[in-house]
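Student: Take a look at what Swiss-Prot says about it:
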type     : residues : note
TRANSMEM : 12-32    : transmembrane segment
TRANSMEM : 65-85    : transmembrane segment
TRANSMEM : 103-123  : transmembrane segment
TRANSMEM : 133-153  : transmembrane segment
TRANSMEM : 162-182  : transmembrane segment
TRANSMEM : 186-206  : transmembrane segment
TRANSMEM : 214-234  : transmembrane segment
TRANSMEM : 308-328  : transmembrane segment
TRANSMEM : 333-353  : transmembrane segment
TRANSMEM : 377-397  : transmembrane segment
TRANSMEM : 412-432  : transmembrane segment
Amino acid sequence: MTVLRSMKDFSSMNITASILLFVTAIAAAVIANSPAASVYQEFLSHELHFRIGGFNLLSHAGHNLTMIEFINDGLMTIFFLMVGLEIKRELLVGELSSFRKAALPFIAACGGMVVPVVIYSMVCAPGTEGGQGLAIPMATDIAFSLGVLSLLGKRVPLSLKIFLTAFAVVDDIGGILVIAIFYSSHVAYEYLLWAALLYVLLYFIGKKGATNKIFFLVVGVVIWYLFLQSGIHSTISGVILAFVIPAKPQLNVGTYIERIRRIISTFPEMGANNIVLTNQQIAKLKEVESASDRVISPLQSLEDNLHGAVNYLVLPLFAFVNAGVMFSGEGEVIGGVTLAVALGLLAGKFLGIYSFTWLAVKSGLTPMPLGMNWKNISGVALLGGIGFTVSLFIANLSFGSAHPVLLNQAKLGVLSGTVMAGILGYLVLHWVLPKRR
């Protein structure tokens, strides 16, 4: 029941967040092609600074971060921190915690990463300017895809939601590795050394029982700055930070229950005035609050705290500054990169996830989970083509300001591929899932 309830809560949040993300992306595209386009571009290139004496936190290579750089390299680190926390949780106690659980989604995710890259390379050959975007169609947007799946409500088997979540998490791991390995340059190892020392410090402090999330986040900001200067993409700092945040609570559940029972048994009874609590009652309630805080691990607590900020602030801002596709202007609006990305997300993801899942089950390597069948897997495989967030992120890393025409084509490919995959995935699942009685 706990798993089912948490999936329901998560799905409800994802529906709202997905709608907000979609609306924000549409707004960005409309503004980018309106008379206000120049204002939009000025907003993206507006320089920011955060000075402490003569030190500017928001600077890199001698210049201030622009708004789009701050959102992509700064705020998106919060998103990747949350992704890292989700990955760590899944590896410890979730669907990736054992070979039996992880095998099918891992194999499906591998197919969902390999085949899109192959299809992309067939359209835009490696070694060409367009070939730099090979990794763009690899990603699956967890929140967006689960949001679409959740529109089907109780008709969706829990196993199907878990399968989609698990292979999307593996996709994220793949995307993070690609960013770390292929989109880093001119590494300044002295900055990385200082960052590594701070990670080690946080790890041992966590082992000693420290649970103050603010402390971990403040040190995380310092590490983020060191990564920003190092040449390794700064968002990776958030992922690594997640793995040094303690996953073990200060109180185990058994001790917590005993403590709460003891507090309740000694809770002062209400007097004649039953509106205002007595000081003794307030003290007991604070004991309950303190115990409740200590039974939730820093990892779970921080993940819960970040969901709202990421879904309703960070990702909408990211969509707004990155989804402003130009439908007119210099160069081809629709080109080879557009086709490569869209086909990679729509056809590549479907073929990769479905075929690798089929091979894994038919070979006897892993059983088909209860509640899943080849029809509903086909729908979820299509939803895997909802790349959006990480795909747009990798598109910016692939082409950036050096190739604005190709970047615009890539963005159009991501948006069109994501929309088509979402619509087709929803329609297929609507047809094949059991009708609500």
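Just so it is clear, glycine is given a Cβ too, placed from its N, Cα and C backbone atoms.
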Student: For the transmembrane segment (12-32), which partner among 65-85, 133-153, 186-206, 308-328, 412-432 gives the most CB pairs under 8 Å?
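Tutor: Comparing 65-85, 133-153, 186-206, 308-328, 412-432 against the transmembrane segment (12-32), the winner is 308-328.
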Student: What stretch of 65-85, 103-123, 186-206, 214-234, 412-432 shows the most Cβ pairs under 8 Å to the transmembrane segment (333-353)?
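Tutor: Stretch with the highest Cβ contact count: 103-123.
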Student: Under 8 Å for C-beta pairs, could you tell me which stretch among 103-123, 186-206, 214-234 has the largest tally with the transmembrane segment (133-153)?
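Tutor: Checked against 103-123, 186-206, 214-234; highest Cβ contact count belongs to 103-123.
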Student: With CB pairs under 8 Å as the measure, which of the listed stretches 103-123, 214-234, 377-397 comes out on top against the transmembrane segment (65-85)?
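Tutor: Most contacts with the transmembrane segment (65-85): 214-234.
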Student: Considering only Cβ pairs under 8 Å, which range in 103-123, 186-206, 214-234, 412-432 makes the most contacts with the transmembrane segment (377-397)?
Tutor: 412-432
Student: In the same chain, who gets a Cβ under 8 Å from the transmembrane segment (103-123) while lying at least 6 residues past its ends?
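Tutor: Sequence-distant neighbours of the transmembrane segment (103-123): 95-96, 131, 133-138, 140, 163, 166-171, 174, 336, 339-341, 343-345, 347-349, 351-357, 359-361, 365-366, 369, 381, 384.
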